[in-house]
Amino acid sequence: MTQVAKKILVTCALPYANGSIHLGHMLEHIQADVWVRYQRMRGHEVNFICADDAHGTPIMLKAQQLGITPEQMIGEMSQEHQTDFAGFNISYDNYHSTHSEENRQLSELIYSRLKENGFIKNRTISQLYDPEKGMFLPDRFVKGTCPKCKSPDQYGDNCEVCGATYSPTELIEPKSVVSGATPVMRDSEHFFFDLPSFSEMLQAWTRSGALQEQVANKMQEWFESGLQQWDISRDAPYFGFEIPNAPGKYFYVWLDAPIGYMGSFKNLCDKRGDSVSFDEYWKKDSTAELYHFIGKDIVYFHSLFWPAMLEGSNFRKPTNLFVHGYVTVNGAKMSKSRGTFIKASTWLNHFDADSLRYYYTAKLSSRIDDIDLNLEDFVQRVNADIVNKVVNLASRNAGFINKRFDGVLASELADPQLYKTFTDAAEVIGEAWESREFGKAVREIMALADLANRYVDEQAPWVVAKQESRDADLQAICSMGINLFRVLMTYLKPVLPKLTERAEAFLNTELTWDGIQQPLLGHKVNPFKALYNRIDMRQVEALVEASKEEVKAAAAPVTGPLADDPIQETITFDDFAKVDLRVALIENAEFVEGSDKLLRLTLDLGGEKRNVFSGIRSAYPDPQALIGRHTIMVANLAPRKMRFGISEGMVMAAGPGGKDIFLLSPDAGAKPGHQVK
């Protein structure tokens with residue numbers, strides 16, 4: 001069947017840059033990759049992109065906890081994510097980050113267009129504020145009972161049980177995830193996207209066939225309950241992009257995250273030196289196709305906010321959203337205690353990528369159903385299908401071809417009608433890949449594999465090989481078996497990239513969709529090497545145990561200075577500039593009568609003397625040893641009246657306290673009065 005080449009842009013949901021990739025993530029990336037590889041086999045121009053979702057308070061707080069900058073943390077996380085995806089042979093054309101200049105420019109562009117078109121509204125809101133941490137609480141840092149379905153322990157922006165979205169202030173009995181404190185209300189000016197203005201457009205888009213039936217039905221419920229304006233701003237401190245002309249206000253992560261699809265593609269176009277393609281794919285009247293593979297937990301954002309943002313800023317909308325369900329393991333939610341919360345990297349330490357790719361693919365359909373990774377069934381299915389049915393078909397015929405015929409296949413097919421049965425299946429299997437009915441495609445392929453093995457069993461080449469004057473029959477039978485193996489591997493090529501590479505090396509030819517119409521006749525194959533190894537439950541047991549150990553290690557208390565004394569909240573440069581640090585010479589140091597903690601220091605600031613009380617006595621039992629040293633002091637600190645006198649500043653020291661206090665000293669050459677910058 002001849003197809004017209006299409007231009008296709010495919011994305012996966014952006015993994016959040018504060019944690020490792022696990023097997024739940026991998027379902028989506030494998031599903032998308034199989035579909036993309038099939039599209040490429042059919043000759044379409046496919047751009048497959050992704051990025052890390054790298055903004056938000058969770059990243060800011062975790063970086064503080066680790067004692068590193070958010071930029072450093074997301075950089076390290078990006079490398080880990082890309083390594084995991086490469087390990088599973090996810091064939092991205094580009095993997096980027098939402099914390100990029102491309103994404104900043106596009107976010108500001110879309111925001112400015114929405115504002116110019118009247119879709120951004122300003123209003124003062126009452127917002128939850130953590131009195132202990134001194135910060136406004138993002139949606140995901142408030143938990144409570146869902147106001148719609150009354151499910152407990154739900155986040156402040158949407159319910160994972162009923163899918164409803166709401167304001168954090170609507171939560172019943174909210175608690176701060178950061179400190180556990182009960183939040184208080186404070187006013188703050190915020191910016192809102194006028195989503196209700198797009199209700200008519202969204203309802204028409206919903207009915208256009210751009211969504212799975214289950215998603216379209218869910219959207220109808222949201223329309224019936226009424227669309228609300230969407231808060232797209234967050235208050236400092238926040239790690240993200242500051243909103244233009246709005247100091248201290250930042251784009252909410254869910255505004256710039258989907259724009260990250262555009263940012264990653266723009267980055268790819270720039271790398272290629274291809275400035276035309278970006279507009280060709282994203283302009284309002286684009287004929288290119290745009291598909292988002294996402295999980296059912298983020299349907300609301302992708303089916304309402306995202307197309308409305310694109311419409312309001314004069315960009316094209318997605319051709320379709322491909323939504324999948326969750327992953328369970330052994331019939332239950334992934335569990336850290338049971339060792340079934342398995343990271344992608346842990347999996348690759350015990351199994352190859354093709355095995356999981358195959359198992360997920362065999363269970364996937366176009367519906368939004370959850371997928372269960374039953375580890376015992378996984379072992380049985382991989383061995384039964386990949387090893388016993390497919391690889392065994394090659395191994396049981398290749399030996400005779402290599403030993404008896406120097407690797408050369410017969411010049412004619414032994415059973416042309418059987419071969420035609422295999423190639424005629426291309427249309428049904430191709431349609432199944434196209435429509436994401438992956439399980440159906442696998443069932444069709446395995447039915448053919450059974451047919452191929454039945455042919456070999458009936459022809460019994462091992463018997464023919466012992467009979468005189470039947471070399472031609474032996475060559476024909478085994479060549480037929482190898483040709484059928486070639487067709488099967490062509491159909492499985494989108495699923496099993498590494499096994500395909502080994503099969504192509506053995507067959508001495510590239511596997512292409514259209515190529516199967518011509519069998520390999522008189523063709524020389526290479527010596528056969530083992531294509532795939534059986535797996536067993538011992539590997540599963542080791543995998544589960546390794547996952548448990550990783551959880552124990554991660555749960556171990558973090559020790560060290562930063563864990564004991566975390567970094568304080570982020571301040572602005574202007575805040576820091578108010579602190580006047582100066583080099584000071586310690587002219588005198590003495591005990592303070594009546595205090596077992598303080599030393600009285602007389603400091604020379606280069607023309608001005610200061611009297612400072614400092615709680616460093618336990619670390620410096622001989623104060624005379626400090627005389628003549630240079631140190632750093634806060635020179636513009638308001639004088640503080642103490643019962644021992646007036647303290648006119650503060651000297652700088654490091655350490656946990658007690659005897660472990662270390663007075664800071666400038667490098668040689670610094671003089672009293674020099675400002676520390």
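The backbone N, Cα and C atoms fix where each Cβ goes, glycine too.
Predicted, not measured: the structure shown is a model, and the values here were computed from it.
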Quick one: sort out which of 333-337, 433-437, 568-572 is the motif ''KMSKS' region' according to Swiss-Prot.
333-337
Quick one: sort out which of 15-25, 125-135, 609-619 is the motif ''HIGH' region' according to Swiss-Prot.
15-25
By a simple count, how many Cβ atoms lie within 10 Å of the Cβ of Cys149 (Zn(2+) binding site), its own Cβ left out?
12
Residues flanking the Zn(2+) site, with Cβ no more than 8 Å from the Cβ centroid of Cys146, Cys149, Cys159, Cys162 and excluding those residues themselves:
Pro147, Lys148, Lys150, Ser151, Gln154, Glu160, Val161, Gly163, Ala164
Please determine which of the binding-site residues listed here (Cys159, Cys162) has the lowest count of neighbouring CB atoms within 10 Å.
Cys162
Number of helical, extended and coil residues in the domain 'tRNA-binding' (575-677), per DSSP:
10 helix, 46 strand, 47 coil
Predicted model, mean pLDDT over the motif ''HIGH' region' (15-25):
96
At the level of the C-alpha atoms, what whole-angstrom distance separates Cys149 (Zn(2+) binding site) and Lys336 (ATP binding site)?
27
With an 8 Å cut-off on Cβ-Cβ distance and a minimum sequence separation of at least 6, pull the same-chain contacts of Lys336 (ATP binding site), or say none.
Ser547, Lys548, Val551
